[in-house]
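Enquirer: Heads up, here are the entries from TrEMBL:
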- CYS146, CYS149, HIS150: heme c binding site (BINDING)
- 1-20: signal peptide (SIGNAL)
Amino acid sequence: MRLITTLTAAALTIGLATFAAPALSSAFTKAEDAVEYRQGAFKLIRENFGYMSGMVRGEIDFDADQFKQRSKALVHLSNIPFDAFTGAGENATNNSDALPAIWQNWSDFESKRDAFQSAAVELAEAAESGNIRDIRPKFMATARTCQQCHEGYRAD
Ligand code: HEC
């Protein structure tokens, strides 16, 4: 019985290790693919963010439903680019504006990513109110998180 338990535990450990492996390595095998992927994701982020910015600044008429939709898209998109900074895309400089400082200060980069992702969630929550007065400060806070990461980690 004890042997069986041990074997089961061992099998479980091996099983888990098998599952853990892909999470540790990157989904990309070529650096240029990783770079293109993260840049593509950031372009979609800009697309949605720019639209919301237009409404916050009053350049586009405020439409609560549109804003809600864009802010939800931002929440999803905020998770996408960061999968492509490890593995094949790591330290890639070809066609990339990502600075080596990212990998030298990885935990700080991660905390800037987390700050952005939480700000995006708070923005989407504020968007539920449909009230531009509640939305504006959350939008500005999110914009600051973009800037705070780009300052140290993206080439101009
Ligand atoms: C945690 C760091 C981080 C955060 C937060 C972040 N970015 Fe970036 N962003 C980067 C890095 C690094 C690059 C360069 C990627 C590359 O070229 O490999 C980049 C690239 C971009 C690009 C250029 C994409 C292209 O065409 O090559 C845009 C646009 C962009 N970010 C917009 C935003 C916006 C808007 C936000 C906030 C809503 C944001 N980013 C938040 C790190 C970040």
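Even glycines carry a Cβ here, placed using N, Cα and C.
Could you tell me the structural context for the features on the list?
Expert: Taking the Cβ of HIS150 (heme c binding site) as centre and 10 Å as the limit, one finds 14 other Cβ atoms among all the protein chains shown.
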Enquirer: Under 8 Å Cβ-Cβ from CYS146 (heme c binding site), six or more apart in the same chain: what's there?
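Expert: In sequence order, the residues whose Cβ lies under 8 Å from that of CYS146 (heme c binding site) (at least 6 apart) are PHE49, PHE116.
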